[in-house]
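S.K.: This is the feature table in Swiss-Prot:
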type	residues	note
TOPO_DOM	1-86	topological domain 'Cytoplasmic'
REGION	55-78	region 'Disordered'
COMPBIAS	60-72	compositional bias 'Low complexity'
TRANSMEM	87-104	transmembrane segment
TOPO_DOM	105-127	topological domain 'Extracellular'
TRANSMEM	128-148	transmembrane segment
TOPO_DOM	149-156	topological domain 'Cytoplasmic'
TRANSMEM	157-177	transmembrane segment
TOPO_DOM	178-187	topological domain 'Extracellular'
TOPO_DOM	209-215	topological domain 'Cytoplasmic'
TOPO_DOM	237-246	topological domain 'Extracellular'
TRANSMEM	247-267	transmembrane segment
TOPO_DOM	268-302	topological domain 'Cytoplasmic'
TRANSMEM	303-323	transmembrane segment
TOPO_DOM	324-334	topological domain 'Extracellular'
TRANSMEM	335-355	transmembrane segment
TOPO_DOM	356-370	topological domain 'Cytoplasmic'
TRANSMEM	371-393	transmembrane segment
TOPO_DOM	394-409	topological domain 'Extracellular'
TRANSMEM	410-430	transmembrane segment
TOPO_DOM	431-435	topological domain 'Cytoplasmic'
TRANSMEM	436-456	transmembrane segment
TOPO_DOM	457-463	topological domain 'Extracellular'
TRANSMEM	464-484	transmembrane segment
TOPO_DOM	485-498	topological domain 'Cytoplasmic'
TRANSMEM	499-519	transmembrane segment
TOPO_DOM	520-575	topological domain 'Extracellular'
TRANSMEM	576-596	transmembrane segment
TOPO_DOM	597-612	topological domain 'Cytoplasmic'
Amino acid sequence: MLHVLSVGPSHAAFTVEAAMATMKKFHSIVGEKPAQDAEAPSVDDPNVGQIRADDKEAAHAPANAETNNEEANPSDGAQAGVKKIEAVTLSWTRGTAIWFLTLVNDFRLSMYTSLNAYATSSFLGHSLLTVINIVSYVMGGSVYIPMAKALDLWGRAEGFLLMTFFCILGLILLASSQNLPTYCAGQVFYKVGFGGLSYTWNVLAADVTNLRNRGLAFAFTSSPALISAFAGSKAASDLLAHSTWRWGFGMWAIILPVVALPIYGLLAYHLRQAEKKGVLVKETRDWSITPKTVWWAIMEFDLPGVLLFAGGFVIFLLPFTLAATAPHGYQTDYIIAMITLGLALIIAFGFYEMLVAPVPFLNYKFLIDRTVLGACLLDMTYQVSYYCYASYLPSFLQVVYELDVATAGYVTNTFSVVSFVFLFFAGWLIRWTGRFKWILWVCVPLYIFGLGLMIHFRQPGGYIGYIVMCEIFFSVAGSVFILCVQLAVLASVDHQHVAAVLALLFVMGSIGGSIGSAICGAIWTSTFLSRLERNLPASAMPDLSLIYSSLPTQLSYPVGSATRTAIVEAYGYAQARMLIAGTAFMVLGFIWVGMMRNLNVKNMTQTKGNVV
């Protein structure tokens, strides 16, 4: 175990050094935009969105002005969190900007992907993977809008620290859980925390980069995945062999504060520097806990809307996964009650937001912009499609293709490795052309093509190389989706609304992930179990429930035995139907891309200070 734990820091150090060196080269090529040389937007561009044109018109100044007092100070009228990050970027140096943009950690995600199936199996909950995903994704999605308001009102540093706390709490619960409900609760805090960190990181990336360079910035923040995708899978394998899956979560409760607190310190330090330089005037606000401030917080963060949103989607989606194992299927009384109540809560959420909420959960100004709406729907559709088949992929590779944990992790993490290369390539194309919509027209059919091939190849007896080939197709298209939908929503708003519009995008993605997990769970429970019942030999029937609920039990049967062959056949039958569902949903992507305007981000600017 000591050997395994020593893997992380060495790889992390190498990753940071390599990423910093790469970013230095990036700066030497791209250059750093001085505070006084902000790029001017193209006022003649007919594709400029209505939201952006209305909000940014007064903020734009000529690029060739010798002095620009507006660029020297944060935006007037901006919220406190926006003013703080603009002040930070106006005061920090090139070295800290490089350091900040390269400090990323993907190691824990690689380990989590490999360990999750074993953790749930220890509670006989392997078949409930999608149930846990539904709850955690919906709860994670419900915090993005309040998180956006917190980032704008309080600051990026404070939001980052809060999400770090949730991460650590979730990791502790996961590592110490003794039953499935505790593990599920840990998953909720884990997804809320790391989802919030990811969201905060994306907001910070938007804060310190211009739109034309944002693709390159995202590519460089993905560079550590070249190391963590392999090292994380290997570390997870060694933990399972020599220790326990619990250390795969527990170690991060120790490591994460060491990695995260310097980022908070960096932001807080430069905020103080900005205050000393007079770039930011410190604002005072009474945060004492009184009935008035509590009521203000409830309304400002729309907690009733959050509860209706989270409760409605969780209660509505769970029955589709649970129905197959209910006594009377969809005719079971509690299944009917959950679907009815969940749908009622979702409808109530819509009416509450339109008619009652003083500060709505969703900003309807964004939803009437066709580019923002198209990008959000494309992201949601992509997440639905992906999670239709992804939840049981690591288990499938180990049971059907007889891969060990590390090798299965390498295949599963193909996305992380390939995305860096193609994000960099797509980033350069966007920087050169200023356009991104045409790239989406290429990637949507590529993703569907990969899914179609996977329906054929992801079957028992196939060649693993074809699986990897299809994963590469997914990775190329999927990574570009993530980049382009972010560019689309960011290009449609000004800096004041960056956090809010990214929150909307993340919410739609979380809804898509939860819907995809519900579809995956419904297919799994209605096909995998029935095929086991049909094909298992009589000698294995007493262990049907254990086989269905535990990955180690499935792997315990020798390859070629009648029981293992029945399990393999059931996996292939279920996976094909999951992929068919994912392919069918992704066809909607053509409609959503068609909705988006062909924006040119080459001459747009949103940010101030030492940005790239």
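Each Cβ is built from the backbone N, Cα and C atoms, and glycine gets one as well.
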S.K.: With Cβ-Cβ distances below 8 Å as the criterion, list the same-chain residues six or more beyond the ends of the transmembrane segment (128-148) that contact it, or say none.
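M.R.: Beyond its ends, the transmembrane segment (128-148) has Cβ neighbours at 116-117, 120, 159, 163, 180, 183-184, 187-188, 190-192, 195-196, 199-200, 203, 301-303, 306, 309-310, 313-314, 317-318, 321-322, 361-362, 387, 391-392, 499-500, 502-504, 506-507, 509-511, 513-514, 517-518, 520-521, 524.
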S.K.: Return yes if the transmembrane segment (303-323) and the transmembrane segment (157-177) have at least 3 CB pairs under 8 Å (sequence gap of 6 or more), otherwise no.
M.R.: no
S.K.: Counting Cβ pairs under 8 Å to the transmembrane segment (371-393), which of 157-177, 247-267, 436-456, 464-484, 576-596 comes out on top?
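M.R.: The stretch with the most close Cβ contacts to the transmembrane segment (371-393) is 576-596.
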S.K.: Please count the residues of the topological domain 'Cytoplasmic' (209-215) that DSSP assigns to helix (H, G, I), strand (E, B) and coil.
M.R.: 5 helix, 0 strand, 2 coil
S.K.: Under DSSP, the topological domain 'Cytoplasmic' (149-156) has how many residues in helix, strand and coil?
M.R.: 6 helix, 0 strand, 2 coil
S.K.: If you average pLDDT over the topological domain 'Extracellular' (394-409), what do you get?
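M.R.: Value for the topological domain 'Extracellular' (394-409), mean pLDDT as a whole number: 93.
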